[in-house]
Ligand SMILES: Nc1ncnc2c1ncn2[C@@H]1O[C@H](COP(=O)(O)OP(=O)(O)OP(=O)(O)O)[C@@H](O)[C@H]1O
């Protein structure tokens, strides 16, 4: 039989084994332990929610609610429940400081982190480092270098935050790119990653990103009249979501990239560049279909492929031009219309009257392949249609005239200075290099390229905002027999009724 005094000792021993003695000494440590445990329980619940099929969530939630109700009705039930919850949180939060969310790393995960650390040593260790305990050394420990990490359910690295030594050249793009390449290879190919450099703290964070949703078709998005959904991006990158109907009728809330136009917009005109087949024409079609909700649209199809012919003759479609001569006469009309609206708006302001409705109505000028158009016009001895875009690009914003242009990379050199200077909303689509993204958007993306680039995938930057990943909604030509039936129907649904004869006010 143990001596009477040994019982508290045994209890203390048990607590020490569980790693709880230190934390129970101060209330602050206990609070931290409970908070950490609660965090782990919450992230375990989140994981369960994500990985449980919808049809199983309901019954489990119902059973939990019934148990909570029974506990509530039992004498001392709520108190017992709270004690049990605190105990569970304390147990979950015990002795695992600095380890990833949702539980510490297992044997295999620790081994992965050590391998990753060893791979970083040749890049981050300094030969003859005078520091007694360098962050990176051949006999070093990953625990000092990695300040945060998380693994997926499958044991793949989901997030890693690492410290780098002060001598590392974080200001040199080449040094950064080398480290990013190494981390990407070690974290596993076949996924996209985001890198966040915190120069102040000397830390780099890598996050594995879920692929962007593809197959969302253009539809009546829940947006304000001056807003256009260019596509979808990462949840952390934007502040709102919009409800969408995905392929198969599933309803989802997705984070949109919203392009705002109108008198207060700082980027009222858009330029999209990409490789052939990357989806720039689809992007312009999607913009046109959204614009037709409450505005007028004029399309100039420089490629002349007839990919906008389905819009011809519809209400609020001013014109669809596919020849250089047609484009010139339409764009001359746009110049006159811009000037008319400016004069009318001025007159109204001077006389104190409301601006007439036909001056406030948004007008969209969509130009596909302007480089081809310029070439054709020049070869016919006519003036460059891009010159006519100067007036709407410079002055259109105040009278709700927006210009959106799309071209292929090889046509970019033929774009005029005015087009480049006034299109501050930029999109680049296709399998592009960081250099190409920088050339179009002014900044390289902080994310790696997807393993496979679906049509409509790329990057977007609105003004001087951040470079965001982008997936454009599907908006095929409804006359394209190869497009999916449901997507073609979605486009047809958004088309206005055919215009009544004699009602068109265009060129
Ligand atoms: N966002 C998207 N979602 C689904 N499919 C798309 C998307 N964008 C483009 N596609 C498909 O990819 C193909 C090429 O698209 P699109 O014609 O828009 O490309 P493009 O860049 O204009 O090329 P081109 O100038 O050669 O026509 C089409 O079959 C189109 O339906």
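Each residue, glycine too, has its Cβ placed from N, Cα and C.
Predicted, not measured: the structure shown is a model, and the values here were computed from it.
As given in TrEMBL:
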| type | residues | note |
| --- | --- | --- |
| TRANSMEM | 20-39 | transmembrane segment |
| TRANSMEM | 60-86 | transmembrane segment |
| DOMAIN | 254-438 | domain 'FtsK' |
| BINDING | 274, 275, 276, 277, 278, 279, 280, 281 | ATP binding site |
Output field, ATP shell: CB within 8 Å of site CB centroid, site 274, 275, 276, 277, 278, 279, 280, 281 dropped: 408, 429, 430, 455
Surrounding CB atoms that lie within 10 Å of the CB of residue 275 (ATP binding site), all protein chains: 18
Sequence-ordered binding-site residues from 274, 275, 276, 277, 279, 281 with Cβ under 6 Å of an atom of ligand 1: 274, 276, 277, 279, 281
Predicted model, mean pLDDT over the domain 'FtsK' (254-438): 95
Sequence-distant neighbours of residue 277 (ATP binding site) in its chain (C-beta under 8 A, six or more apart): 430, 455
Fewest other C-beta atoms within 10 angstroms, as judged across 278, 280, 281, which are the binding-site residues: 281
